[in-house]
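Now, the feature entries from TrEMBL:
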- B:1-25: region 'Disordered' (REGION)
- B:14-25: compositional bias 'Basic and acidic residues' (COMPBIAS)
- B:136-157: transmembrane segment (TRANSMEM)
- B:164-180: transmembrane segment (TRANSMEM)
- B:186-207: transmembrane segment (TRANSMEM)
- B:223-242: transmembrane segment (TRANSMEM)
- B:248-266: transmembrane segment (TRANSMEM)
- B:278-302: transmembrane segment (TRANSMEM)
- B:331-385: domain 'MIR' (DOMAIN)
- B:407-466: domain 'MIR' (DOMAIN)
- B:476-532: domain 'MIR' (DOMAIN)
- B:606-627: transmembrane segment (TRANSMEM)
- B:648-666: transmembrane segment (TRANSMEM)
- B:678-698: transmembrane segment (TRANSMEM)
- B:710-731: transmembrane segment (TRANSMEM)
- B:774-815: region 'Disordered' (REGION)
- B:774-801: compositional bias 'Polar residues' (COMPBIAS)
- B:858-920: region 'Disordered' (REGION)
- B:898-920: compositional bias 'Basic and acidic residues' (COMPBIAS)
């Protein structure tokens, strides 16, 4: 494919204008002009010396040789001394643990999608790891954990980035020196090298970000060959790549947005092309919908499908899922031997069916405001405070739950009951007092006891649905979704992921909502565990919840807890940093303890790459403004080919940077330096564009001189800062001279 | 260049790329002016228009001022804005999230009417008549501004080129808009805001009209007049509420667009001329508004010279500029043996404090807190780690050992002990969790020891000066009063003395928690010495005081505090609503309810929905237009099409900029935040109608103006009917339950129909007569008969009878608290009225000591409101509650002093905009 582009293969000795004239020509003739151009070059050269013909061969095969050299170098930077530090470093504590969960096949819960962690799990599996290590931060790896292999597996993703960067730069139509510079900037980027060396998700995220960009660039270059097999392949690969990047981390969505915007613009232009038949336009649209929307969604869902398939045992993440899902996990207590139908006197736990909903909970602590009565919350952790007894209402005759003489009475739709908290013996109660956080709702509290109380302890059951049966006269464990309407106030018991302050132990607020919205799942409850000695044990978990429901449930739960990662304003978090610090390389991140005895790693970028790329963003902005203002004043400086080059090779990388950077400004959650890494790639591409553009009129010699200096600086700074990548042994004072800024915290 | 102009104007939101079809358009103009624009100078209208204008103003005056005296008691946020007028008149500093212009104007009208500030506006429903508050004069200001929005609408529509009939329609719609009317009848800021916004729109439209007529009008008299007027109006809008920033954004966007068009005119606009245009706008639209805004704050500071309840928000430097708040110069250098008081830098929690009360949890040692007032209990002696030696080489024991020695300065890195003079205990820390914050990384701070005790190693703290915050070279080396900012590091555990905005419960008198934090955030770990004295320091020793921040320093600090406070108003409110519900008028706000009458903010549904429809029509039109433009259909060749797109487009932009930013705000929002956007929406409605009825021609047949006029007449008639139907809740007039239920179209319109009598004849009492009514109406029939919780306010004004359990108090109150959160009673409040600041301070000190002597009982019983479940107010839950309260605190304590904030449902409640100011 690359050979089909004369602009690149012959770029060295031609000046910019020649090259630019060639580009559209080459595109039009679908490669034939390119071939002739190459053969022309060959003819010219054949008259020259042997050495020159050797150079010509090198030149011709540069697209293979150069990336091979770069890849070899990257193998060194990413893998050299990779097993030096034998302790659990930084977030290996998390991701290693998740890997263990896959090996042990225990269900866990995390805010990130599963693909990356499954790959970590795979690496552990290949390394023969049995999943028993706890991955405690800073702990030494035991003998039986081949952490070196696991890290190597991860670093492969880091290595792959380099050839991808090389080919992407070529596809963006940069000249050879620029292509090399971009490759070198990625290759000798200390922070990329460091983050690829541990069991983390970031090398995978970077890798898939790179593949997405590459596929997109490739696809863009095939614009004129619509519906050719190649075109389809790259469109499909773009979609696949988007699917993968989103399945590693949600940050992938920004990458998706870049491709999405490109596609919208592309279709918009096609829409404006009056010559294009409408059928063709529709085909274009359909091809993109299938490849860029449906394929990624399928990939994403497939990763979750595998996730659910692997994690078939009960584990620490159960409570985030619906009761029915839990009942289908191996080794769970949920649903085991529970009697099927609920009767008066049953001891139950009530699960909120909203996404991420917990169990109805109460504890002896009281509300500090409002009624001052006992708190009622929603809580994921399973303990005895989640148990409630179903009692008859106060109008009904007295009732003794243990007395076997009473006839067994089942509860169903329309029945009015009381719920008594097993641990404190108080009734679930609501009254005309504002809920502590959601002021428009009524507060729900626990009040009184079996004898003390009033009709405000009464709740009417309204069955919403039952996956197992159409019979609404009985409530069934796990399968019946019902609402609890407060009999005298008419409001509905609801818990909707609103977190209580410290006095409520950050548990979820439970309130009584006045609006009657039958579709509001946060007001739906089901019985999760059920005990009643007088009823025969059943097997309510035999109904499987559908995959799509679990998928949506888990995803919403992930979103909710991701947003809840808000920093504690009182705590000085030395690891966290703020968005403005990243582009100017204001801060370094210590990945482990800074003891002399520990091999120390620091997440810190290559200064020239960071500062240079950030400066280029500004330069690019000025460049665009300059041309726009000139254009508005009636000057026509650029021809269409130039405009297209700026548009696709300059503006889109800038857009990529904005899309990957801006969200972190808005986000309230804790942010770290490595959140900038995908954005940095686009900044590097922008830097490449700026240099390429500004040197387009230069003669080749001074240009090579300029580029050589830049190569030297990039490599030199990497070498200077090599210790933070390969591990610092001994006292940190040895590197005091590298602590250029106080916040880098090398010392 | 003309073609480019058309592109830019016509296809503004998409991009300015020229399209082939447009290039073919015959050039009609050769400069930056726009096609199809004629002069609409509002100063040159025909006389008949001015007569209409006068008539409209009169009509609006009748509608807005009708029975403006009713209700005769405090309505909704009059609680805040009336209260601010009192504070201005008395000059007591307060903090509010809104800039001061409208509040100053309200104050002016109150002052002119002879208001002396002796009324506190503290609850909704509090009577105006008996205290003789000139509330009508105060309400007149927003009302008159509200009246003027109607003629302004007329002029805006005229200047954008609409027919007189349409302009009349716009003005009448504004007049008969229920929400605009309701909002302008009370002492609220939204009517001035809408007025200023309207004035800005008018000025800027006039300017745009001049600008669009091309070079011949540029830099002429009217051009300059309207440009300057726009600048001043922008300043005024932003000085009423920060929502004015959206108006600035609107004007700014359109100005940038104009400049861009100018730049494209290479024939008549030279670069020099372009820069002249540019700097004219920079001056008029940036410098003038900023100057105006700052000027208003200058007046604000001139008015507020005394300390008030807003002090607690401001830094010590700021507070020191208020009367009586400044302090004597203090000796600069801190030495061993100095008596000092230490203040927390980041929060306004006050001084490091201890008193003879123990923590109920943890170590159960003596409490250390932050206390906002000067007090003897804030005084500590700085002791060196080792005792000094006397001439014989013997150690001098005791904390007073340094008293007769020459002063030995405390340097950076010194290890000290802090000895609490009143209780003879030293500040102490150990590995025990703090009382409230149960984080692993925080330890308890206590006071420990007894008189004569030499102290132990856990009393030792190391002084670590923070050089970047300390002021002056010496202050970075040794401890100096005020200038040095330092951290105190506990030597044994390495944790740092820390405090944050967490209040201790009643046992800690709601003072601020102090802990010892490992890895606490730096700003919350920084302290400084405020008062300092030492026996042996000579009289003429170097002295320091707070630096005067100057006007700009104060201005900037206040802006920051306003911003933070505004962003912090996130607590949900009983009457709040989110932006998506506004254009469809899903819910209103209950302003006031009493005496079987109600005031409820609700828009005129017809106007509201039709204006929203007009916006939707434009958006659909724009969507289709852009699609057709991309398909080169050449619609923009038509002048009317182009003008429709541009004129409505700019107004829709104004609407969008006044509406969508609210989506980004986490703070509590109300329906009245939509009013500026509604004003734009009404303009859009009228403009759309004007184009449809009078300008667009279908197959070159222009429509008959008669049809348009007839339509307008019918539409206006329906709007007026709709207004009249809902007018009882605008004016607080008598209504019947049936009539109310009949027009309650949605259950989300939650005005309470059961409030009204079933028959109009039951409204026998003349409304104006009150006095006794106020007493009785609180016990009046209860809506819906829901048993609700009654909180009897402590004041004698309105007392719901406890023996009538069905009663819902219609009252609520603003709490008066001092800065450490204690509730104040009437006498105390009365005492403040005299504004005697010295006694103000003393009073609190005395109070603290009294409380200390009484043990844990800080509030004497009369403050504690009767708790429903304890006092038997609610027969169903009360009385039988005989079992022991559960939890770590008594159930009754939970309501103490707090449940007052919770009122029954369905009652009016002021927005908490100003409330936070007193709560902190």
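Our numbering is plain: 1 for the first residue shown, then up by one each step along the chain.
Glycine is no exception: its Cβ is also placed from the backbone N, Cα and C atoms.
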Cβ under 8 Å, sequence separation of at least 6 from the ends of the transmembrane segment (B:223-242): give me the contacting residues as numbers and ranges.
97-102, 189-190, 192-193, 196-197, 199-200, 203-204, 206-207, 210-211, 217, 248, 251, 280-281, 283-293, 296, 562, 566
Verify whether three or more Cβ pairs under 8 angstroms connect the transmembrane segment (B:164-180) with the transmembrane segment (B:248-266), leaving out any pair fewer than 6 apart in sequence.
no
Verify whether three or more Cβ pairs under 8 angstroms connect the transmembrane segment (B:678-698) with the transmembrane segment (B:186-207), leaving out any pair fewer than 6 apart in sequence.
yes
Take the domain 'MIR' (B:331-385) and count its residues per DSSP category (helix H/G/I, strand E/B, coil), listing them in that order.
3 helix, 28 strand, 24 coil
Taking B:278-302, B:606-627, B:678-698 as candidates, which has the most Cβ pairs under 8 Å with the transmembrane segment (B:164-180)?
B:678-698
Could you give the mean pLDDT over the domain 'MIR' (B:331-385), rounded to a whole number?
89
Closest-packing stretch to the transmembrane segment (B:678-698), where packing means Cβ pairs under 8 Å, from B:136-157, B:278-302, B:606-627, B:710-731:
B:606-627
Sequence-remote partners of the transmembrane segment (B:278-302) [C-beta within less than 8 Å, at least six residues beyond its ends]:
99-101, 104, 219, 224, 227-228, 230-232, 234-236, 238-239, 248, 251-252, 255, 259, 551, 554-555, 558
Within the domain 'MIR' (B:407-466), residues counted as helix, strand or coil by DSSP:
3 helix, 26 strand, 31 coil
What counts of helix, strand and coil residues does DSSP assign across the domain 'MIR' (B:476-532)?
8 helix, 28 strand, 21 coil
